[in-house]
Structures are given as structure tokens and as C-alpha cells.
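Peer 1: Sharing the features that TrEMBL gives for it:
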- D:A12, D:Y13, D:S14, D:G15, D:G16, D:L17, D:D18, D:T19, D:S20, D:A39, D:G122: ATP binding site (BINDING)
- D:Y92, D:S97, D:N128, D:R132, D:S183, D:S192, D:E268, D:Y280: L-citrulline binding site (BINDING)
- D:T124, D:N128, D:D129: L-aspartate binding site (BINDING)
- D:8-171: domain 'Arginosuccinate synthase-like N-terminal' (DOMAIN)
- D:182-400: domain 'Arginosuccinate synthase C-terminal' (DOMAIN)
Protein chains: 4
Amino acid sequence: MTAPAPKKVVLAYSGGLDTSIILKWLQTEYGCEVVTFTADLGQGEELEPARAKAELLGIRSENIHIEDLREEFVRDFVFPMFRANAVYEGLYLLGTSIARPLIAKRLAEIAAETGADAVAHGATGKGNDQVRFELGVAALNPALKVIAPWRLWDLTSRTKLLEFAEANQIPIAKDKRGEAPFSVDANLLHTSSEGKVLENPADEPPAYVWQRTVDPEEAPNTPEMVEIGFECGDAVSVNGERLSPAALLAKLNELGGKHGVGRLDLVENRFVGMKSRGAYETPGGTILLEAHRGIEQITLDAGAGHLKDSIMPRYAELIYNGFWFSPEREMLQALIDKSQEHVGGTVRVKLFKGSVRTVARWSDHSLYSEKHVTFEEDAGAYDQKDAEGFIRLNALRLRLVAVRNARAKG
Amino acid sequence: MTAPAPKKVVLAYSGGLDTSIILKWLQTEYGCEVVTFTADLGQGEELEPARAKAELLGIRSENIHIEDLREEFVRDFVFPMFRANAVYEGLYLLGTSIARPLIAKRLAEIAAETGADAVAHGATGKGNDQVRFELGVAALNPALKVIAPWRLWDLTSRTKLLEFAEANQIPIAKDKRGEAPFSVDANLLHTSSEGKVLENPADEPPAYVWQRTVDPEEAPNTPEMVEIGFECGDAVSVNGERLSPAALLAKLNELGGKHGVGRLDLVENRFVGMKSRGAYETPGGTILLEAHRGIEQITLDAGAGHLKDSIMPRYAELIYNGFWFSPEREMLQALIDKSQEHVGGTVRVKLFKGSVRTVARWSDHSLYSEKHVTFEEDAGAYDQKDAEGFIRLNALRLRLVAVRNARAKG
Amino acid sequence: MTAPAPKKVVLAYSGGLDTSIILKWLQTEYGCEVVTFTADLGQGEELEPARAKAELLGIRSENIHIEDLREEFVRDFVFPMFRANAVYEGLYLLGTSIARPLIAKRLAEIAAETGADAVAHGATGKGNDQVRFELGVAALNPALKVIAPWRLWDLTSRTKLLEFAEANQIPIAKDKRGEAPFSVDANLLHTSSEGKVLENPADEPPAYVWQRTVDPEEAPNTPEMVEIGFECGDAVSVNGERLSPAALLAKLNELGGKHGVGRLDLVENRFVGMKSRGAYETPGGTILLEAHRGIEQITLDAGAGHLKDSIMPRYAELIYNGFWFSPEREMLQALIDKSQEHVGGTVRVKLFKGSVRTVARWSDHSLYSEKHVTFEEDAGAYDQKDAEGFIRLNALRLRLVAVRNARAKG
Amino acid sequence: MTAPAPKKVVLAYSGGLDTSIILKWLQTEYGCEVVTFTADLGQGEELEPARAKAELLGIRSENIHIEDLREEFVRDFVFPMFRANAVYEGLYLLGTSIARPLIAKRLAEIAAETGADAVAHGATGKGNDQVRFELGVAALNPALKVIAPWRLWDLTSRTKLLEFAEANQIPIAKDKRGEAPFSVDANLLHTSSEGKVLENPADEPPAYVWQRTVDPEEAPNTPEMVEIGFECGDAVSVNGERLSPAALLAKLNELGGKHGVGRLDLVENRFVGMKSRGAYETPGGTILLEAHRGIEQITLDAGAGHLKDSIMPRYAELIYNGFWFSPEREMLQALIDKSQEHVGGTVRVKLFKGSVRTVARWSDHSLYSEKHVTFEEDAGAYDQKDAEGFIRLNALRLRLVAVRNARAKG
């Protein structure tokens, strides 16, 4: 493509070595103005050093955007997704996938605010994140160019990257000289690790990969009970204390991490066509999923629940593939949200040595009817004779098929 | 219904008090000949006492059918279901549901062999099991009458049942005099408990409910690794030892039970319209599900896997609702089985204090391509530039929508 | 059931012989007060005679409810359903199914207003309508009893019915003395005929069955073009004239009927387990479906459209089975409605000799981009080289499967 | 990509101007040996001229492959697809989509037979056909290179193409000097036209676009009845005459064409992201779809039929998008084929002025039970009282929801 060079680029900037190199490369390659965007999504790193580094690379202070997005992240992305009990390929809680649309949204918005004509990100050409960033930007600001240096440049080895950094006076932390043994992404919902020592799925992940959860073997020998309150499908309190979305998820992370909850070793199918192996830690999210299922058990109608279950894989796939800002995700969200009006009450879960299990749940909105289900006399709530007609009409077509098939054989 | 009384009835007979009462009631009510059918599905009880009791109640020896169905149960019912990773309402492994069709099948077959015109079962009118038995019988032998005494008689209280037993010289074990604190169903796949002390879902199940698994808190302090071999989607070996289906599941039950794996406290939606609460123990099945997912991760194509995931809830619902012998279950099974041809290899799982986790998997049929996914140079296996076109065409419709929506607003 | 007799019953009353017999039977059987409810859903019959007949049978005037529900019917039931392009079993436009929930709703509401403790309807025990009425009533007013005389009484032959009518001074129109050759249901959306002469699906329906559409062979020899305007998924105008929902559907019925559009001879699967054969006429609805698809073609995104298509069969099945007032139908409606925000514009269809075909469509909300699709130079709107990467990444997993399968065989 | 030039290329060669230019361009650009592959899929053109033209362009006779694939096309591609009642976006019968995999298959096979290292096709970079060819080749012979000259060369205008042809002594038919007014694809299943005069979806297609069907207005004034026999879901006879798959489809094409059946004017969503408008003629296929639905109406169980309907959109999308040779299409095919075992019998359809309608159907495998559905006395086949229990249990959850919702509001 010989498209005209971008004039002003908003870069998703972590302050780390790689995105600092990208920053410099953008300046060098295009002679363009760079606006940096650094977000706190709960990854557990200080953001202010990113400001200093950006300034060092010549970014003017009005072009440096540093934002705490933790509440928006949990309230508008994590919670809506958990209403669906979304799990990708049976196991993955979508911790990285759900953070990307928010970054794309802010990139597009900051571009609009600052008059930039392009955005840039540091995702490689092999992964899902490039797709998620770029689909999000396309959906929100279709005129923006997207620059993905990893797909463009010739800095294809660690050595070349370091040479470029040195040649451009980009400071290199000592521990970045060697190769990292694996790659990490983190936010308030999860930490993922992949690559290098994790690349062979026949080898158990080494213990040092896990960063956010205690080894279940080292976790407390005594279980801990936690009560989580829900309203309209969202968690609102922990052990009776009402908390904001981000504070609540942080609290669950603390509890889950302490008990070794939420580790996952997975080989998954990337949207770009290959399988990849990741080690995921989602302590609070794992508790949240279990508890949400627990409260739905007593407050969600069977028809509603089964419909949700049946569309969930597609919903999860859309998020995984980067289609958060698509019409179909929004349609599915409307369906899911419609189901959650009465999903409120309290769930007690038990945390112990790596596991979380619902042990009790109660709600003013409960659909559970002890009167109907009881083994005792039910005072006429349910007429057992109704079951006969119910079964006979459900069986009618099976009978007709059986008679036909026998006739066909005979 | 003033249908003519049955002449010869095959009764699903456990040898316990309730089905002994039913046996007598059938004789008394209809003056009919009764054929008893007692199956070993791995429930862990001796079957020969059932013979003695049937004889005591006047059943001729040629009318007493006692069968060991464990291998058929696991091979033809449990394993096909696990190929689908079937889970009802996100959590339930369908341990009771999957045993009922086999009993229905043998009831229908024995009726054909013995010239009986009816079958009878001891399921109540409030539960799912009546549906499963009766739909199965209808699909396999549509001319048979089905007699469900719990929906017909007036023995509606414990007192009346005991009076009937005494009046008819049916022996009553001492521990059956009082009310059981909950009701139990067991087979090689699971043990379920429900009713009475379990009826309030806000109360944690008492410890004595759990019968088949060690309390995770009492489980060994050291994890245990287990390697499970698969061929065409079915488990064939444990720790290198090739085992028959039933022997394999028994082995996994032993391992899982020891480590407290597979406990579930659930409120579920019954097919007959109400919610009910159960305490389930599925030690071996829980391991099997995890391991099967583990081997699929490296051997199943993304398109195949996502299709399976999307139809799984419907498949599980069909089994739960009793439609095992329906055309649509068989169609879904054809789809699932088609996907499993290359699902073979070995998975290593770690059992510890109530949890089971895949930690490694390998296979001659692996689709995992380290060459494609590697962070290292990939020798041209993957051209990162391809991602640009991939993303741009995936984004095209989102861009057109964004432009249209902006125009519509403007 | 020895439930206490109803005291006051709201009866869905057409004024015809059958529901007059039911009215009398209710009075006789239960000694209860009867409230009649007669609705104009566009069936094309005068309603006032029903008032006179009810009075004749002793109903007090304040207990006679006669209502014109045509606008509500089309606006709140027909139109929402057509947003989904709902078709049952590939062909049936659900003309009867969609009218029943509205009748159930008014029955439940009138019962609440008049303090009635029961409702009654004239649907038989073999059909779907009993289910639709009773599920609707259960969902809207769960305490109400429902009385379905056809399932209760012993008036099981035409002769017995006429005897009952005569014995009770119920006037019998001359043409009701003999057996009707088939049974008819009609409303503003359709007319259905079934039973008797239609019962053998190997016999073509006799010409006299069709009542609402001209025989295509007798239809005009010249096609007629009709332009239908849409806003947010609903039709709002015909040939430039803005019309209310009911007036619009009536207009399309007139046009469709004239050109023989909308006849359907179908064998369908009833919810109660058997197949049945019906002859349906849906002139306006058939035009509406074609036109709605036509406008969606240019205004609905591919992802949105494919999602709608994939859930449509389930949505149609819910309506057919009587679950209009279920949580899951409302969830699906939320999904569908979300998709229709930009479904506006105009479609030109051609009516001719039994067929309707879209020939042109245009919209300010169009997503069709001539610039992208053109065979001419597209001025850079689309880079054909993008397709290579798109295809290569879509092909990647297929390649990996092919290599694996070859290896497995080899 | 600086991939090594191909040495031997199998070209999908029609003998027309465009693919002749491609042939020459391949020789010129890569200096490679070209193998031509020309297939008769029923497009209605002589194939032998393609041989002469290939020879004229220097292709050795052993490198010229001309094949009659009509029977394979209908038997192995068209018929399996029609078992599913596959329709893309509610209307399109996939006439082009289903032909591409067969061409891809033969390209891959001929490449293997002749030792070629690449295949080439004449599809443009904007359409779906490139995807279908290339995914097919990737799935069947993953090592092959694919060359798509329209994405590579600079012959981007009609003028440049003609100049290239003249410069290379490629004969240009007189009528190819000017621009064709639209682009055509044809095979035994359908003829599609798109582009140029069809590009504005607000303009009705001009009459000269339609090539294969009589204008309904010019069609016979008398309807024609046709009886189609089915076995296992496939049509096997027309009016009692047993025919091979291709002969049968040809016969239906003749009948449909004569009566103006199967015209479609559609705006559809391409896989590559934009909408496009096509004019399709599928005379025989339209009859086949109607008749197949007709025979399924009496022979397919409700559960089976509804499952088929629910997966059909996905199946159609897979075919449209080019994934015929994917694991998931094969899984869905297994499901569909499983359902067709008893789909046999005869359907009578009526052709008239552009429409086809089922008017009668009968089968030895019928599930239709007049005895169950009849309005007359049914001799105990169906107990209407069963409906009460059936409805009450289906209503139970709706009642519980209603009570809960009222409580929540109160």
C-alpha cells in the first residue's frame, strides 16, 4: 500500500520497551506527531513512569493521555459479559479479549478529540489482539488508519529490536536484555501468559509462570466462605459490603488469589487460524462465574436459561474474535440483559485449595418452589396425574416414528 | 382411563422396599403376572438379594431377570455422551439421566421376550425419571402400556406405604421404618441425593449427604497425576493400562473419590416445570470431562469444536428430558461422532483436594503447530502480513455500518 | 379433579353455535355466571349478532364484552413477528398462532376487571390453540382456572351437540345442521382451513376451500407493482400512502387476494405430537414477508442478519407452540428489535398470478455500497490484495487439518 | 511475497477470453507449464472449443483436461445440499456456491496426478468464488500454491485486457470487444447474473438479463402438474420415470424454465464484507426445494425437522462462504443425512406462471396419522384429556414466573 503517511497517530503506549520502540519507529518512519495513550485497566503497574518515558521520547505533555479506566472496564465490559456466563471453548473466561474493545474505544475517541488520522498498537501479526483492536477502531471511527508496526517493520528479532533501541537512545531495563521466558498480559480480570517455555502443550507450565494466584498446594488449609450479592445480574456486594464494580472485582481477586482459585492451562483456537497455549489466572472472575450461575439457578426461568446457554458459545466467540462493537454482539447483549431483570439475591461460595463451589443461595426473586418439589404432601400444588398427559403427548411422535420404522423394516 | 388391565408386567425392580410394594400392588391391583428386572449399573449394591425377595413375593424364577449392564452402560451411553462434553445448565453431568434410557431399553426388550403387555417403574410423578423411562419405552416398543404406580395409587404417605407392606408380608428393614433424610440414586457414573434435608437451597448440604467422595478437606495433601489415553473420543487407558469402559470409569471413580473430585450442589430446572435441588457426586466423570476437553484442545479443529459447543446445550437438554431414543438425539450423535475420528492421544491431569486440572496433553493427531504459533522466527510458516487483509475484510462490514449509522444520525 | 366449581367465567365467545353451546353448558354444568368476550381480529364477521345471541342466552349486558382489537393485533403481535421473518417449518406464516396470545391476554384482563375466577375457550383437545390460550392465561394471570369443555364433556359427536342445542333452545342456523366440510379460522393476517375434506394430504384441496384469495389462474393477466415503505422494521405505507398497522395489512390483503398471493397447502407438526394438514391463505402477510426481506437486504448488516436467521426457527416454534408470553420469546424479541433500528426504506414488489417478488429497493439507511462492489474501477475503496490474507488465514486451519489427516492415514 | 515461481500450474479454464488471457499471462509471468482443466457442470456450452483454444495457446494435448462432471456435481454436491433445504439469507439456493468445491476438488486432484505445484483460477478479488476455490484447494491439497491473477496483475481495465490479448495473439470474439452488460455464471443448478446494469438495486433487472426461464407473463396459461419421487431424501424420478441425478435436474430445469419458475432478484452479503446484487435463475432447484419440503412434511419427525431447520442457516452459510470441505460442514452433513433415511415417497407440485406449489404428497413412510388428527371419532387413538396435563406442566414455569414477577413489583 502506498497510502499517504499518517500525520498524527494515537499510540496504545504501555511505557515498556516494545511500545517505546514503536513510538520512536513511528516518528522515524512517518515523521508524524505521536499521541500516547496509557490506560490503567488494573494491570497492577504504575502509570506515571509511562509519562516520563513518553516525555523523554519527545512527546509534548498535551499529547500524553493517561487514564484510569478500571471502573468503566468492569462496569461496561466485564459485567455485561459475565451476565452471559461467557466461556470460550468451554474453559476460557476471555480476560484479555474483553479488555481490547475498551482500549480500541479510547484510541478512537482520543483520535477524534486530538484530530489524529491514525492509531497504532503493539500487537503482533500472529495473535488475536491485533484483530480486536482493529475491528473495534473500524466500528467506532471507520476513517482512521491503523498502524501495526509488528506487521510492517523489519525488526524481526530481539537483537534487531535492541539495536534499534540503542541507536535511538531508548533506555533498556537490565532485565529486558535477555529474552523474557514468556509473554504476559494483565488487567483487573486476569493475567495471561504465553509463548516460549509454554509453547509445548505436553509440558506442564513451570511454577514461576503463575503470578497472581497462590499455588493451591500452598493455599490455606481452611476453606473460606464468601457471600456475593447480585442485582439485575451484576455483583454488587461481597460479604455484605456494597462495592463499586472495580472494587468488587479487586476484592474477589484478593480472595481468589489467596485460595489459588482460577488457574487454567489451555490450548485454544485463535481467530487467525492456529492453536495456541496459554496459562491464565482469573481468580475473581472464576468466583464471579460460579456465583452468577448460583444466583441464576434460583432466579432464572428454565426457558430463559436454556436460551442463554444455547447462544452463549456464539457470544463468547464474538468477544474472542474481536466483534464486541458489532451489531450481532449488541443484539445478543439485548437478549442477555433482558433475562437478567430478576437475577438478584445472594450466593455463598466456598473457596478452598484452588476451587470455588456454590453451597447456598437465596433471593426475594426466587423461582424455586419448595411447595412444588417437596417429597412431602404438597397440598395440591402439583397434581402428579398431570405428568401422564404430559408424557403421553411428548411420546406421541416417538410412538409414530417407532411404528413407521417397524413398518418400513417389516 | 378404563383401559383393560395389564396381563403381564415387567417391573424395574431394585429389591428395595418401595419396588417390593409396587410388585405386590401390581399383583393385587391387576391380578397380573409380574416379571422383575434388576440391573447392575454400578450402583454398588448386591443384586442377588433382589432375587430372593422377588421369589418371596411369588415371582417364578424364569420371571426374574438380573443383569450386569455396566459395560453396555458405559460403552453405549456414558461414552457417547462424553464425546459431546455434555453438561446440563452449565454444571450437571447427567449422571441419572443417562442411565434411564438403558433401563427403558431392557424393559422394552424383556417385555418383547416374555410376551408382556406392560412395564412398570417406581419413579414418582414429580420427577424427570418417569419421563425418561416412558419416552424410552414409547420409542422402542410403542404398543407397551406403562404403569407408574406413584401416579395411580393412594399410598401417598410413608405411613400408608408401611401399612401396605405389613398387610402384605413385605419385609421392612429396620432402617426403613423411619424416614430417610434424603433420596439417593446411584450408578457407575454418579450418585445423586435430593429431597428432605436438601430441599432448602439456602442451606449447605450436610456432610453426611456425600457418600462417594472424600471431603476435599480430608483428601490427600499431595496431588496425584493421572494419564488418560483416548482413541476416537473415548478414554481407553489410565496410566498406561488399557481398560474396558466400565473398568476404566471405575478406576477414575476410585481416583476421583479419593481426592474429593466431582461434588456438585445444584438447583436445576426439571423437565416437568419446577426447580429442584440436588447434591451430585461424579468423581470419574468429572475427570473424564476435563481430560476429554484436554485432548480435544490439540486434536479438534476450531470449526468442529465451535459447532460442537454450539449444539451441546441442546444435546444435553435432550438427554436430561428423556429423549435419548429420539431422531434428533441420534442426528446430533452422528454429528458429534463424526468429529471424534482424530480425538486421540494422552492427557495428564492433576487431582488435588477436590479439583482436577489438565496440565499436559500430547497426540500423534495433534493440530497444534508450534511452528505457526512460535514467538521465534517461524521460517515462513506464517506471513504476518496476511493478517492485514484478514482484518480489513472482516472489518469492512463494520466500517459500512459505522458510516451508515453516522449518516443516519447526522 | 374435584376442584371447586368456577363461580364466574370469561368465555371466548364467537356467537356461533359451538361457543353458544359452551356458554349454555358452563351455566348448566357449574351454575356459574358467564362473561362473554368477542373480539374483532379482522375475521370479517359482524360482531353485533354475538351480543344479541349472548343476551338471548341470558348474559347481562355488562357481562358482554365486544372489542375491536385489529390495531393492537397488527401493531403488537403481527408486526413484531414479521420483524423476525418468522416462518414455521419453512413455510407457515403463523397466522392462527399469533392471534391466540392476544385473545388470552384479553381473557386474563377481563377476568381481572370483572372478578372472574376462570376463563373458558372452545378449542379442542387435539389442537394447538388450547395450548396457546392456556399458556397465555397462565403467564398473565396464573391464579385463573381454565375450562376447556371439549376436553371435559361427553358431547363427542355432531348429533349430541345438536341435541344439546335443541334441548337448550339454542338457535341452530340451517347450514349448521349438516356437517361443515372443513373447519375455518380467520383473522386479519390469514384464513386457515383444516379437517374433513382436507384430511388426506394426498388429495389436492378442493377449490371451494380457498376463500380469501383468487385462484392464481383467475388472477389478472397484468402484474401489479406495489411500493411498501418501512421504518424500524415495520411497514408504514403502501404506494406512498401512510397507513395504520391494521389498515396497511388490510390494504395488502386486498392487493394480495386479488392476485392470488399467499396460498399454502401444508402438512405441519402440531405441538401436541401429531401431524396435521392445513390450507392457509395469507395474502397480505406473504407480501409483507417478501418486502421485509427486501428492505433488510440493503439495510441489515450481514452479522445481524445471519444471527436473526439462526434464531428464527426457534422464535417461530415458540410462537407456534403458544409461548408468546414466555421469558425466552421476550428475550428473542429484544434481540430482533435491536436489529431493526435502521431497517427503513422502500421496496417495490410485483404481484402476479399467485406470486410476489421484490424487484427494487432503496433506502437512506442502505449499507449497499456500489463503490465497493462495482466491476468498474473503485477508486481505492477496496484493495483486492486484502483478499489474499483473508483467504490464507481462513484456510490455515483447513491446511493444518489436511496435513494431520494425511499423516494419520500415512 | 517473493515465493519461488510455480513450475506447473493447473488452470480452471473455460476457453473464454478472460481465462485465455490468464493462461497466456501465467506462461509469460512465470515461464511455467500450464495444464488446463475444463469441466462440464451443465453450463450449456460446448467444451471442445476450449480444447482447440488451449492448443492454439501452446498447451500440449496431454495437459488438456476436459471432463463431464454433471452426474458427480448433482449426486455429490447438489443433492446432499438439498437434503438440508439449504437457503442462504432466506432466499438464495446457492447455485454458484455449490459448484465451486467440485472444481477445487478436480483442480487439486489433477495437480496431484500431473505433478503440478500450483493451481490458478479466474475469480476476482472482490467476490466469493476466489474464497471457495482456495479454501477447497487448501483443504484437499494443502501444499499447492494458488495463483489468482486478478489479484496480482495490472490488467485492471477492459482496455488493458484487450491490449494484452491482441499483443499475445489471443483471438477476441467480436461480441467481446464491447463491455458485457453484466457478468454470468451458469451450471446445471442455476444461472446467475451480476454487475454493470444490475448494480443499482433500486432498478429492476432488465428483461434481457433472464436467460434460462420464460418470463412468467409469457408462461403457459395452463398449470402443469409434476410428480417427483424421493428416496432417502434424494429425488429419483419425475412423473414416474426414474432418472439419474443430472438427468433429473435437467428435466426439472426444462419444466421449471418453461413455467417461469425460479427467478430471484437478490441483494446478498458476500463473505468478503460487502453487499452485492444478483439475478438468479434456478428453475429445477426451486421445484426440488418445494418438493423436498413436501415429502419431509409427511415423513420427517417434528424433532428431526426442527433440528434441521435450526442448523440450516449455518450449513448454508458454510457453503456460501466456501467451507464445503471443512470438518464442520461434514459434521452437519452427517446430521442431515441421518435424518433422511425415511424421507421417501412422492410429491405432486403444480407449476404455473412463475410459481411452484405442493398440492399433494404420499409415502409408505408417512408419519401422518389420519386416525390421530381426525375431527371424527378416533377410536381411542388420542385421549384429549392428556392435553390437560401436557399444558399444565408446560405452563408450570410460566405460572411460577408470573407469581414471582408480581411479587417483585408488589
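Each residue's number is its place along the chain shown, starting with 1.
Yeah, the Cβs are placed from backbone N, Cα and C, and that goes for glycine too.
No curator has checked TrEMBL annotations; they are predicted automatically.
Looking at the shown structure, what environment does each listed feature sit in?
Peer 2: D:G16 (ATP binding site) counts 15 other C-beta atoms within 10 Å of its own C-beta, drawing on all protein chains shown.
For D:S97 (L-citrulline binding site), the count of additional Cβ atoms within 10 Å of its Cβ stands at 29 [all protein chains shown].
Non-local neighbourhood of D:N128 (L-citrulline binding site): D:T96, D:S97, D:R270, D:F271, D:V272, D:Y320, D:N321, D:G322, each in the same chain, at least six residues away, with C-beta under 8 Å from its C-beta.
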Peer 1: Compare the C-alpha of D:D18 (ATP binding site) with the C-alpha of each of the binding-site residues D:Y92, D:D129, D:S192, D:E268, D:Y280, and give the closest one.
Peer 2: D:D129
Peer 1: Calculate the distance in Å between the alpha carbons (Cα) of D:S183 (L-citrulline binding site) and D:T124 (L-aspartate binding site), and round it to a whole number.
Peer 2: 12
Peer 1: Please report the Cα separation of D:E268 (L-citrulline binding site) and D:S20 (ATP binding site) in Å, rounded to an integer.
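Peer 2: A Cα-Cα distance of 30 Å.
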Peer 1: Return one of helix, strand or coil for D:G16 (ATP binding site), based on DSSP.
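Peer 2: Once the DSSP labels are grouped into three classes, D:G16 (ATP binding site) ends up as coil.
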Peer 1: With every protein chain in view, what's the tally of Cβ atoms within 10 Å of the Cβ of D:S192 (L-citrulline binding site), excluding that atom itself?
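Peer 2: That number is 22.
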Peer 1: Roughly how wide, in whole Å, is the group D:A12, D:Y13, D:S14, D:G15, D:G16, D:L17, D:D18, D:T19, D:S20, D:A39, D:G122 that binds ATP, by largest Cα to Cα distance?
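Peer 2: 16 Å is the greatest Cα spacing among the residues binding ATP.
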Peer 1: Around the Cβ of D:S14 (ATP binding site), how many other Cβ atoms lie within 10 Å? Please give the count over every shown protein chain.
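Peer 2: For D:S14 (ATP binding site), the count of other Cβ atoms within 10 Å is 20.
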Peer 1: Averaged over the whole of the domain 'Arginosuccinate synthase C-terminal' (D:182-400), what is the pLDDT?
Peer 2: 96
Peer 1: Which residues, same chain and not among D:T124, D:N128, D:D129, have a CB within 8 angstroms of the centroid of the CB atoms at the recorded L-aspartate site?
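Peer 2: For the L-aspartate site the neighbour list reads D:A123, D:K126, D:G127, D:Q130, D:V131, D:R132, D:V272.
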Peer 1: Please give me the CB contact count at 10 A for D:S183 (L-citrulline binding site), counting all chains in the structure.
Peer 2: 15
Peer 1: Quick check for the class: what is the C-alpha distance, in angstrom and rounded, between D:G16 (ATP binding site) and D:D129 (L-aspartate binding site)?
Peer 2: 17
Peer 1: Only counting partners 6 or more residues apart, tell me which same-chain residues put their Cβ under 8 Å from the Cβ of D:Y280 (L-citrulline binding site).
Peer 2: D:Y92, D:L93, D:G95, D:H190, D:T191, D:S192, D:S193, D:G262, D:R263, D:L264, D:D265, D:L266
Peer 1: Go through the binding-site residues D:D18, D:S97, D:G122, D:T124, D:S183, D:S192 one by one and keep only those whose Cβ is less than 8 Å from a Cβ of chain C; report them in sequence order, or 'none'.
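Peer 2: From D:D18, D:S97, D:G122, D:T124, D:S183, D:S192, the ones near chain C are D:T124, D:S183.
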Peer 1: Measuring Cα to Cα, tell me the gap between D:S14 (ATP binding site) and D:D129 (L-aspartate binding site) in whole angstrom.
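Peer 2: Distance between the two Cα atoms comes out at 15 Å.
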Peer 1: Do you know which of the binding-site residues D:A12, D:D18 has the most other C-beta atoms within 10 angstroms of its C-beta?
Peer 2: D:A12
